[in-house]
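K.L.:
This is the structure, below, for whatever I ask next.
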């Protein structure tokens, strides 16, 4: 009976909410119809006995891989059976099947097939696409090497063209050139798209992509000349066979180079591609997905931590009274509510980038690439900003759950280890921030030379005006209204402008001192990263604020406005140094900001559970005993622990093997 | 040896051996430590090579095997619990060993037990005739000890205590060694005599048979399931149903229940928590400083071997440690490792002094000791946990491989933010002490020497004129002191305002907790900087050590100001222009320390076996090691059924539904 009734604390919390969570769910999903469809797909998976299995926490790595492969195989067939083809619907289906975890076919579906579509010639598509679509060919995308990651030009794998046989000879010339990390490479794939330095007619033509068969069809044994395997255990990603690949004089036909853009003719003549900007498109797309992932992973962690904090009672707030819910402690609210606000902010940013990408990818197909550089710079920075923040936020949520957060049953350790690599893959975050900085500095220089810039950096245009009226800087400070999100956007804008300018000036000063541009850049890079962070922070506050006016329901708008204010003010209170030093806010205003943050915590408190309910994660997807919708935490924690592998027998075999002999000897 | 790492060692500005001796306390200590490490590492039973490939069950068995073997080893080597070798054994084993809670069990009996109890139990425990655990935390209750729900009711007719777990949230949950190994435990329970509750007390309870290890009547116990790390430890649960233990099993150095049910106490009730104070202080060096030093060693060595992108066109790809952003990630962590090593020594001395007093039943130092152990445990574990994570992420993709050694260092150290007291709560305990001392000091009453500075809060301005001034310890220490005092005094004022305006005391406290925690952090940060600066002045060894330590101290201090600029700028103590000087001085230090980065981690003197990392080995042969080790993974050496069962039918279209 305990299982079916809702914990009274949670029932009370839900009854006290000032808005309807469903309405907010619709906003997050992009409309009521999309919510309906998402839940429909969710039900397809959850009610399907084929997708059930033992709690993954109790399985070994090898067993987890096996379960993932089993489910992936079924998933591919069922997607076709149900006729689900919309990319977003596929994404939902997949994340319910795998409960938000990676799976061995990720690279096949997410990289191998799309790369064939965008980079293969029609003839190559005939040969490879349908077999790959039908999973006779399972492929992966082998780019990263043991010694080389984000800096692609440094890759060492070679593909040398031999006109005599019309073949490419692939080689991994050094240990550092061994392909390392590609998902699905270790055990699953029989083909790989390999990135290698192309050599023809004695010259290096840079990186190109080749389709390389790696395992024998039928036996799945590695082909002669191929050494392939799993890279061993990692921090998370247990179900993924990240692999290594070493090639020794391995020959593939000329026709296996992906030749839609660049070509090698039979005699070895190299034909250059028309534009290299096109590859930006894929990167922008994948990085925008990471922004959305940051939002979702942080939302899951917040859901768990906030529900648990409403169920857990600890210590006393008032002498003589029962122990209060830990969510009533100011320090607990101060840990969790800014993260909740951040999760909402990131949702809206993720949706914005996705929409922008879809809007301009039409232009890209028409050959108009003018908006791409800014979007590229923006997504690089936002990918880094959101993944860093979410990463730290997930850990904060885990720690806010005290000891039980550390148990695998809380689900947060898994969210963390699954998410945290996104700080590194698809572009290491510091490098991403520096790419954004490069764009910011370029824009700053443009403004300084009298040109106007457009888009998210247009605030830089104001810098020259402000310089003329330097004496008004003090007057500017009092104009920030701390209860008005629009005014706070201006404050963030001023901070970004100031930090971009400071970094650009420091860079100039270094350039005046030193000969080398690269040295100067390196010696300014800490400032440059700060400037990029401030820019991204501004963009997020701006997008969150803009979202408010789109919300029609007054109760929902009110609660989102509280969150938006909290997000903006908390960000100021965590970076007071920047705002004080630039004279954007005074000491007195900072004190007010700190005070207002605490008031907002109390205002948001009654809606906290409803705000995480709005994320609408199914218990199965959440995978957490602490975050259960019904709040029956302790009974289920005990039930869960009883299934632990160490509890299989009443007396563990170690007693007979080690303990008993010791006791008799001593 | 990889030439990229060899060249780093040729240019050291100081003697690595001398620095090592300074860190260890003397060259003799270094010698003993190395001998212990050597003896342990050459014994194959203690090998950790397969650790990353093992399941929870296998890890647990290994840990028990090692713990048992260790007893033999100690006899063989002539090491004793009181000998100088003892403290190095744990370091050499890298913690992957069972019976750590057995030690806490013994420690709590030694500290809280009567002479008679010590005489009875300690020899049994030393001989491993029984295995102990320490059962305090419950499913529903952690840091707030008064909230524990387990009961111990005195039955005057049988002269026994009857222990019970009245409801599910009262179940003991988390104690190490208790899930599978322990035969006994010290259980904390609410003591009831004649229906009156006397608060939480410790009781020795037998939970498993000494014959066949089966559970004793009335006992339900087992393992709590997989965690983020600590796979080797059988953290357990324990339910008690009318379990009877003799009256003599209540630990009674400081209080006792007499046969007629009279309750007698000598000294403070708080003394029952003294085991925690002692554990908090000792965990800092073993569980926190050592891992952060290892993480720095791995990340810094890897950063001189890994080359990525070009700094200058036409040149070889640069070592990633030559990038300013990489230096800014790693070098402050290195400085922090040194800073916290020094404060940990300071805390240990303070504790030893306090313990001697308590043995004499003088409890005067208890509040300060408690405040210190709480606050420093909180800031050091929090700082170092984030430091290890920074090191992990500074190693790019390879950091996520378990073979880098960093994930297991991280998942282990991060538990330290919660166990032995959740950090936020600990900071608030320190804050309570600070506010009390501030009030006392303001009223002209005497306060402990560490907090006398609170009495002298006055507005002022930082006197620095140029960036070099910020390399003067007097300048930055004063900035820290001023800021800590300001945060304590302004929070005290806020509390007073609230209570004077009619807000109830506990409500006012809750409304100020965010500021209170911040004040406590600032206080501990100040003491750490001050202690570092004072230690540098006292260095007598020559050979360039004082100079490099001064750089590290400056870096630690300036990094703290740079990263918390707001609180220093807030009342104008440091001006905007001065903050730019701080930033400049801070960034200037990075390339200076960069030159000595590898020798500075070499001085921590971890063997390759103890690092257990493909990225951090002394010889810098990173890639070869990574490749060879990965091939030993069971995923490569054992056949997985996945191909035959799923992949093959999939590739050959034989899955039923296709």
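Positions of Cβ are set from backbone N, Cα and C atoms, glycine also.
Bear in mind that TrEMBL entries carry predicted annotations, made automatically and left uncurated.
I grabbed these lines from TrEMBL:
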ACT_SITE  A:426  active site, proton acceptor
BINDING   A:144, A:183  FAD binding site
DOMAIN    A:21-138  domain 'Acyl-coenzyme A oxidase N-terminal'
DOMAIN    A:141-249  domain 'Acyl-CoA oxidase/dehydrogenase middle'
DOMAIN    A:280-441  domain 'Acyl-CoA oxidase C-alpha1'
DOMAIN    A:485-663  domain 'Acyl-CoA oxidase C-terminal'
K.L.:
Using a Cβ cut-off of under 8 Å to chain B, which of the recorded positions A:144, A:183, A:426 qualify?
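P.N.:
Checking chain B against the recorded positions, the residues within range (Cβ-Cβ under 8 Å) are A:144.
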K.L.:
Please report how many Å separate the Cα atom of residue A:144 (FAD binding site) from that of residue A:426 (active site, proton acceptor), as a whole number.
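P.N.:
Computed Cα spacing between residue A:144 (FAD binding site) and residue A:426 (active site, proton acceptor) is 10 Å.
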K.L.:
Please average pLDDT over the domain 'Acyl-coenzyme A oxidase N-terminal' (A:21-138) for the predicted structure.
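P.N.:
Taking every residue of the domain 'Acyl-coenzyme A oxidase N-terminal' (A:21-138) together, the mean pLDDT is 92.
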K.L.:
Return one of helix, strand or coil for residue A:183 (FAD binding site), based on DSSP.
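P.N.:
Assignment for residue A:183 (FAD binding site) reads coil.
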K.L.:
Can you tell me how far the Cα of residue A:426 (active site, proton acceptor) sits from the Cα of residue A:183 (FAD binding site), in Å?
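P.N.:
Here the two Cα atoms are 13 Å apart.
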K.L.:
Could you tell me which three-state DSSP class residue A:144 (FAD binding site) falls into?
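P.N.:
The three-state answer is coil.
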K.L.:
Do you know the DSSP helix, strand and coil residue counts for the domain 'Acyl-coenzyme A oxidase N-terminal' (A:21-138)?
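P.N.:
Once the DSSP states are binned, the domain 'Acyl-coenzyme A oxidase N-terminal' (A:21-138) shows 89 helix, 0 strand, 29 coil.
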K.L.:
Give the three-state DSSP assignment (helix, strand or coil) for residue A:426 (active site, proton acceptor).
P.N.:
coil
